[in-house]
Each structure stands twice: as C-alpha cells, then as structure tokens.
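For reference, the structure is listed below as structure tokens.
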Amino acid sequence: MASFPKDIQRAGFGSGKMRSALFTFFIFILTSGRAGGRVVTVSQGPLVRVEGQAAALGCSVREYEGPTEQDFDWKVLRDDRWLQVISTFDLRFADQSLQGRVDSGDITVERRGPASVALLIGRLRPADSTAFRCSTPSTDAVFQGNYEADVRLIVIPDSLQVDPSPPPAVVPEGGALELHCNATRDVLPQAYTHLSVSWSVARETGPEDVLSFGPDGGVAVGPGYAQRYTDGELRLDLPGGGVYGLVLTQASPGDGGVYTCTAGEWSREAGGAWQQILERSAEMGEVQVTPTDDDITLAVGDTLNLTCSVAVDYPRSLRLEVTWLLSSAPGASPAPAEPRVLAQVGRDGVVKGAGRPVGLTRVEPGAFQLLVRGLARSDSGLYSCRVRAWIHRTTGDWYQAAQNSSHPVRVLVTVKDPVFKVLLLDKETPQFSGDPTELECQVRGVSGLGAARLGVSWLYAEATPGDVIAAGSGSVMATLDAEGTQQAGQGYEDRLGNGELVLYRSAPSTFRLRLLHTHDTDMGAYSCAMAVWSPAPPGWEKGPEVHSEPLNVFWTAKTPRVSVAARRLREVTSAGGTFEMSCQVTGQNLRNPGYSVLIQVEERVGGRTRRVLSLGPDSVLGLEEWSELDRVVLERTSAKEFRFRLYQAQRADRGFYSCTVTAWTRDPAQTWTRSASGQSNRVPVAFADKGPVFNISVRSDSRRVAPWETAKLQCILTTLGAAPSPGNMQRPLLVGTGVALAVGILSVLLGLICTRCCCRDALQSPQTPGPQDLELDPLNHGPLAAMAMD
C-alpha cells in the first residue's frame, strides 16, 4: 500500500475517512510525472549470521525528491505480522516487545549518509532469523517507484569448535614439525557455511602468520615463509574428518615459539563476496627446536667462560694473534650479520677490545680464555676463535704463516622463568558512559629481582557479557617499561598524549591504569602482563610476560535522546505585533550536557525552511539567514528552556516556527562533542491581513521661529501591506485647531501661534468628497512635531 507524505502522516491525517479521501485525491493528481521514481534498496540477502554476534543491515534511497536528508523506518516480521522496530524520526517507534532492546542499545539505527542508514543489532537472537523491512516516508511530488524493501536474515547457532593437538615440546634441528588442528561446525541445509584455518607463531619479535587455508580452498603463506612453501619445506596436510595439518619438514631453531590455530566461519554473500561471520582461536603450545651442534645454555646475568687452545710448534720467531668472534645463529631473526669482534690478543701480546664485561687472558702457552660477565639475551650466538701465526724475519718484517678458526660453539642465553603471579583488580568501574575506569595490576610472590625491575603491559579485547576470554588475548593499549617510559599501543596514541589514558606505578610491585572518560566502545575484557627487565648494558632486556586473568568491564549502554516542545507565549493578531515562543528541552541518558538551539521557520509545512537565529552551548548568539537582528531575540531563560521573540511582525514573517535543540558534552580537551538532537513541533504565525498600515512622522527644520519667518514641515508616510492607488490618497495637514496648510513651505503670520502640529493621512474614495481620517496603528504611529513662535 502506498505511504502518505511524511508531513501529512505526522499531523495525524492518515487514518479513517480522511486517509481514504487523501488517497483518492493523490491518485487523481499523481497520474503523470517522472518515469521510475523513488528506489529503496537494502543489503542483498539472505544474510547468514551467528547467534550472539553483531549484524548490520544497510538501507538506502535514491531518485527521490524533497529534503536531502531522508527518514527511514525498520520493521520485522514476527508470526506473519510486521512489528515496528526503530525509526530515524520517531523515538518511540518501537513495538512494546522490542522497546527494551532499543532502550538498552542492542538495536540501534546508524545514519551513514543523508540517504542511507544501517540497522545495527549488537547481539543476535534466534528470533532475529526472519525478514526485516526498510521503508521511507514519501517526500516526492509524484508518488511512484518503491518505498520499501525487505531483506532476509538467517541466524545460525554458534557451533564453531577449535580443538588443536598439542605439538611436540622439543624438535631436533632438521626434523619435521607437525601441527594439527581439528575445526568443526554444524552444517545446516538452509545456511551452508565454509571454514578457514590458519596458523601463526608468537615470538619475542612479535606474532607471525605462517599459513592460511580456505574458505575458497586457496592457500596463503606468511611473508617469511613464501620460499619455504615454494621449496616444499612448508606444506598443508588434509587427512580429513575436520583435521587440518601444517608440516615443516626441516625445522630450524628460528621456528621455535608459541603456535596458535585459528578457525573462521564464512558465508558467501550475494555477488560472490565472502563474509566472515565468526572466528575462534586456540593456543596449541610452545615448540623449541634444539640445534644439533654442541651448545651451552646460560641464564641472563651469568658469566660465560670459553678457552681457545692452539696446538702448534713454537719456534722462537713465531707469534700468535688470537681473535674471539661472535656471529648470529642460522635461522635467527634478524638474519645473520658479519661476525663481531669481541676481543683480540695481538702478536705483540697487547689485548684489544677487552674490559668489563668482556675479558681476555692467556692462561698458559697456547691457551687463551674469554670471559663475558653479566650475560644478556643479545649475547646468544655462535662463538669462535680465529688464530693467525706470524713469523718474524731477520729483516725485521712480519709475515703471516698460517691461519685457522675453531669450530663454533652455540651459546643460548635464556631468562629464568618468573616465579610470581599477577592479579588484576577493579578500583573504579563506570556506571555510565563518560565515567572514569581505574584498574590495578598487582604482583604476588615476586622474589629474587636483585637489580632487575618490573614493567607492565595493558591489554584490551573486544568482548560481550558472557564471553570467555583467554589470558593474554587482545591488543596492547599501553606499556610501562623498567625506566618508566610510556608507550601507547596502536589506536591509543591520542588518548595517552592528551592525558585521557593514564598509567603509573603506585608501588614497587603495583601498577594502575586509568581511563578518565570511558566510552561505550571501551566495554570489553582487560588484562595486564608483568615482565622482569634485567640490566643488559647499555640498557635493559625484557623477560617473559606473566598475564593476569581477564577482567570484564561492562555497563548498560543507553542511547542519548533529546525531545523538544515548543509553545506560544504571545500571539500576533495583526501586523506589527510581537510573537514570543518558548522551547522546553527534555534530555535522556545525557551526562552534564550543554544545549544549543536553532530557530527555523517554514513558509508552509514541507516548504522552504529558513534558519533565523541560533544560540550555541556557550551562549554565543548567531544570526543565520535573517537580516534584521534588532527584530529578533533568543535567550536562555533556564538550563532547559529558551525563549524566542519576534518584534513588529510583518507579512513576510508568517509561517511555522520550530526549535532544533542539540545536546553537547565536553571531552577531556574541553571541546564540545555532539550527542543528540531533537526538533520541536511547529508553532504557526498566521495573523490576518487587514489592509495597509501606516507609519507617520512629522519633522520640522526648526523648533522655534519668529513672526514672519518661514518654517518647513515634513510629513513622512510609510505603508505596510497592500498600498492603495495614488488617486485614492490624500494627505491634508492639520495644524493647531484645524487651520489647514499645504505640505511644503509654511509662512507663519504674525500673531498666529502654532503650538502643536500633527499630520494625518486619509483615504478618500472618488465618490466621497473631503478627507476621511484613518485609525492609525498604535504601535507604529510616528512622533508629533512641536513648534513654538517667539
């Protein structure tokens, strides 16, 4: 059924006999016009989504007439009935059965442009598996096209499961590393979905993507594994039964780390595009690849003691030059560089490069000892000694007789596992959007720190109430290292820079995080991670992190709303009168708001709108599309009431006046941020036009004149409204007690005293001779001129 124009619907003329009459009238006048007309489109369906997840249904309109910004209504099909869900125009549009979800913010409508919106559902329910209808009230002059469109939403159960097989804890270098993961979900005939499986590994340098499979059967490899995949060292194993395998045929020490398996559920949308509707990850475990060479494992802070023994005959003329070298191990990240010289004993016996923490001494002939004190993790690598034999000739010259290097020894410097626990407490939680949040991270049972220090990382993970979040999940918000240096995570730079995000150490083993203004988007799971920082000249080295259990921070999100009621205080009954209107504001779910108001006037309902006057949240008055500031006044009479006055109302001022009020809140930088807006009802100014109204004033070139002098009197006449023809206008001048003088130059005779003069305009019809006085508008009569003679 066709819908009526919005202004008629909102005025209440859409039911009963009046609706039928108007519909018949529209059919009569709208038989011609544009070909095509209004087009409403929604997201192409059916759309498959998962229970408990979010969904967004788009709707747009084109080829329409009327205001640039269009309104939208959403309905849902339940038991063969269309129930009202939400509207961009009517705040109380929702059906009673859905009002609770709208009030809590679970169902919202987001405007994405003047002619497009999206219906947002925060947490899908099985009952949402139905059809949704988007409709647009008509603002077109010609009623044609489509004004509504439907989209089907299929909500499937959350059945995705990820069950990884634990990998071997230790793999020898060159051996095969196999990682298997079982990913399953329920297959429904009405909504077939596809799976993807990917593997990633976390190292000290950060996470790395290894390989991904699906949902279209394709394989994608991480940036550091492309060549190994091409060479066949990295391959995908699909034994079936929901089991997906990743195989590294020749593992290297650099392949060690904590592996994670991630499964995704996908739906193919209209047009062939893939849409991920669910993702779930599971940590598989840590893998260490042990090198085949002889190695030495030491802890951070220990001392390394190596001896280089040289077997050579020692003629008197032979001298040895011994150099200790350190190079990166194969497979290490970054790639191995040129060996670094640690210390050297020259052929003259002089030691170069030694000193704390590196020492080099000759303990016996042919034996040279290297000591490295206070090891750091960066001291891990391959150690070797290079020996050059020099012979001193009788001529005094030296020449190199031989050179050889030792077999490298692999040294692995590790950090001792921390022996403490981390506990996260909530010190202050928000009850309302904009409230502060403060969390405290405590270390329990820490011991043996010595010169080491603690550092903390704060993490945030998106979540909904009831979600189970694994420890260590989420992205880094900010970190505080051993020296107290703060570092913001991606997306938190501005909040840390402007002081909205604060982190500090309140005690040696206690750290706090404070959000001065918590937004709705900050709801989720928070956790902290402690790490021991050990001295590693010239700085500090970070050890493994210990994570706290996640702490959920949630509150009931409420959508801010503003409603405005306008009422007439003074009514204009004729031209020249004063119009006064009050705008009363009612705000909901707003915290310490400031209000701005804009006065608008429409020539007629649905006609051209003109902006008159505005008052900002800081009480700054602004003249909009109005040129006469002396005739309009807008003032704030209380925190939630504004008054508008229009003086000397004219014919051009008639129309429908309304107030648009916007609520603003201040952000941490004391900048006003828009929260919500509301528009009042229209108050008409429609006084009757009773004909012309005259404004008359008299001026004299002199206030006092002597006998026989000449005085000039001017009678100034202006009219408002329909002006009569010049032939029907007479302007007699009445002086004193009825002595008539012509307008212009007046010769005042001796003995004639003009003590008070005034002029009156009269209209005379051709059939009625003589002047006829008109009653003047008491609000617009001009001043009377007074003149006296000496």
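Quick reminder: no glycine exception, Cβ is built from N, Cα and C everywhere.
Taken from TrEMBL, the feature domain 'Ig-like' applies to 157-263 (among others). Mean per-residue pLDDT, taken over the domain 'Ig-like' (157-263), amounts to 87.
Residues or ranges marked as domain 'Ig-like' in TrEMBL: 285-387 (among others).
Residues or ranges marked as domain 'Ig-like' by TrEMBL: 418-528 (among others). Helix, strand and coil counts under DSSP for the domain 'Ig-like' (418-528) come to 8 helix, 52 strand, 51 coil.
DSSP states for the domain 'Ig-like' (560-677), grouped as helix (H, G, I), strand (E, B) and coil, give 6 helix, 70 strand, 42 coil. Positions annotated as domain 'Ig-like' by TrEMBL: 560-677 (among others).
Per TrEMBL, the feature transmembrane segment maps to 733-754.
Counting residues of the domain 'Ig-like' (157-263) by DSSP class, helix then strand then coil, yields 11 helix, 58 strand, 38 coil.
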